[in-house]
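Read through the structure below, which is laid out as structure tokens, and then see the notes.
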Amino acid sequence: MATIDVPEQVSVLADAEALRKACKGWGTDEKAIISVLGHRNAVQRKQIRLAYEDLYQEDLIKRLESELSGDFEKAVYRWILDPADRDAVLANVAIKKLSPDHHVIVEISCTRSPEELLAVRRAYQARYKHSLEEDVAAHTKGDTRKLLVALVSAFRYDGEEINTRVANSEAKILHEAVKDKEFNHEEIIRILSTRSKMQLMATFNRYRDDHGTTITKNLEGDSGDEFLKTLRPTIRCLNDPKKYFEKVLRNSIRRVGTDEDALTRVIVTRAEKDLKDVKELYYKRNSVPLDQAVAKDTTGDYKALLLTLLGKED
Amino acid sequence: MALPVDIEALDKAFSGIGVDEKSLISILTNSNEEHKISLRKGSSKLFIEDENGFERWDQSSIKILKHQFNRFRDAVVLSLLHPWERDARLIEKAIRKGPKHYNVIVEVACTRSSDQLLGARKAYHSLFHHSIEEHLTHIKGRERKLLVALVSAYRYEGTGVNEDVAKSEAQILYEAINNGDKNKLLDHEDAIMILATRSKQHLQALYRHYSQSYGKTLAQDLEGEGILKDTVECLCTPQTYFTRVLEAAVKEDADEESKRALTRVIVTQKEQLVQEGFVPNKIQDILLGLYKDFLLASIASGDIK
């Protein structure tokens, strides 16, 4: 369930005016920006941008970029974009890093629905004049590249059908791979990048039933080669995305010095999806509400925006 | 007694691609039982004399006739289907029928626009309750990786090519073909990545650089490499691929599969056919009946949008 709190009645014209007012003059009224944008869904945010452009012949995003700075600006920028466009930006940032953030690419390709992923691919082309898969291919190598390209190119069947024979045989294949740590990369890539999500769930369940432990437990740890480091989040995202997001949040806050990129990314991308469930998981796991942990670890307008997106009352 | 000209006409009615329905009507409705006896005796193609002196229908001819009569039906169906469903069904059939048909998968994946290919993938979900990639799992051969990569592509279609990258990737392909083990080409990761992820404009630039740098075309260097050559042709020089397929269809000893390509190519490519003008002249002579009318009309109307 979503966490953001959207009012019953919304006037995008009034919103555009309020944002204009917040940006005019000497300082910027960040609180006003948060109180408007932090309480609007994707459709409304898009309409506000259009209204703002209409009224003031200016791109709201560019205006905000020039007025704001730091983590707050990054968060606002990501929040205000269309979800598909946002994912395209996140993917590009992840790819272009000196040491590419494979887990972000995995996250986007494995936790979005098949249609959403297609929308990301279209948005990526519109923005960057390359296909997502060619940029991933150009910035990665080896089996990691094969896995990532396969994941971003996937257009999974969205139906409920499950083939138990296939679940059985593919659970076996995955177990062989995990147990021996001799990863038959071809087969793993094939299974994880082509099967429908329902089919994969059946396979993972079968794995757990046959071996008494989940596949993610068998893959525990932080070490291993690059392929393994990309494989873990892949299986986690496909197996239980909410649990995966809880872990990313937990790690981003726990670190000495918060990982703002990860924190922003998860909160912004899940606030309209399943952040409520992730919050519950977080509380169960850490005995501390997520709001509290975030409040303790962040400051200023950045903190205020995150808490608003988390559903905290003003 | 049937006139020799009638016997000849009967044979001729089945001797091309399609069936001369008009001719059959005129011969058969005008024949009495006596005529038919001599028709059967005289037709070397359709009837054989068995040990009792009885003119019986030759079994293998029946199969051929079935194909001939079905051509018009197939052309109609293919023409009526939504292009996405049409392409999804072409792919599904090709996967089922085996290696000799994989070129159809390459053809659909590489000659349609990015959005058309996406549409075919969606239609495939609806029709077959699996993704194309999943069904390709059934292929055990080495072509699988290339085919999965090609059907998964959503290529950028804008202009703007980095010529330096195109040139260096031409070199990668050259080395893969000429220095490596040619048998291992289908396993060459970089080659597959380039062919499966780059835009068509980029690949066409790569194709040009290849010819300039190495004095032969990439397609020439892939002679004998089956679907790899098909892939390159479909992406870079589709008219060459389609011309080749059409000419194979109208050859003297063309097999049934080659002939079926006629229907597929003409119905799916009719706009391009008119523009590029690569329909072999022989088509006029070898096509028969309603099937001929349908295909020629398709080509003629190709520039009506």
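Each residue, glycine too, has its Cβ placed from N, Cα and C.
Whatever TrEMBL says is automated annotation, not expert-curated.
For A:G25, A:G27, A:E67, the entry in TrEMBL reads Ca(2+) 1 binding site. Sequence-distant neighbours of A:E67 (Ca(2+) 1 binding site): residues of the same chain at least 6 apart with a C-beta under 8 Å from its C-beta are A:C23, A:T28.
Per TrEMBL, Ca(2+) 2 binding site is recorded for A:I253, A:R255, A:G257, A:D297. Under DSSP, A:I253 (Ca(2+) 2 binding site) is assigned to a helix (H, G or I) in the three-state scheme. In this view, A:I253 (Ca(2+) 2 binding site) is surrounded by 20 other Cβ atoms within 10 Å of its Cβ, with every protein chain counted.
Taken from TrEMBL, the feature Ca(2+) 3 binding site covers A:A295, A:T298. Residues near A:A295 (Ca(2+) 3 binding site) in space but far in sequence (CB under 8 A, at least 6 apart, same chain), listed by position: A:K303, A:L307.
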Point to revise | Cα separation, A:G27 (Ca(2+) 1 binding site) to A:D297 (Ca(2+) 2 binding site) (Å, whole number) | key: 26
Review point. Should A:E67 (Ca(2+) 1 binding site) be counted as helix, strand, or coil on the basis of DSSP?
Key: helix
Exercise for review: Would you count the other C-beta atoms found within 10 angstroms of the C-beta of A:G25 (Ca(2+) 1 binding site) for me?
Suggested key: 8
Review point. How far is it from A:T298 (Ca(2+) 3 binding site) to A:G25 (Ca(2+) 1 binding site), counting Cα to Cα, in Å?
Key: 27
Check your understanding: Once the chains shown are all counted, how many other Cβ atoms turn up within 10 Å of the Cβ of A:T298 (Ca(2+) 3 binding site)?
Key -> 22
Review point. Quick one: Cα separation, A:I253 (Ca(2+) 2 binding site) versus A:G27 (Ca(2+) 1 binding site), in Å?
Key: 30
**Study point:** Sorted by sequence, non-A:G25, A:G27, A:E67 residues with Cβ within 8 Å of centre, Ca(2+) 1
**Key:** A:A22, A:C23, A:K24, A:W26, A:T28, A:D29
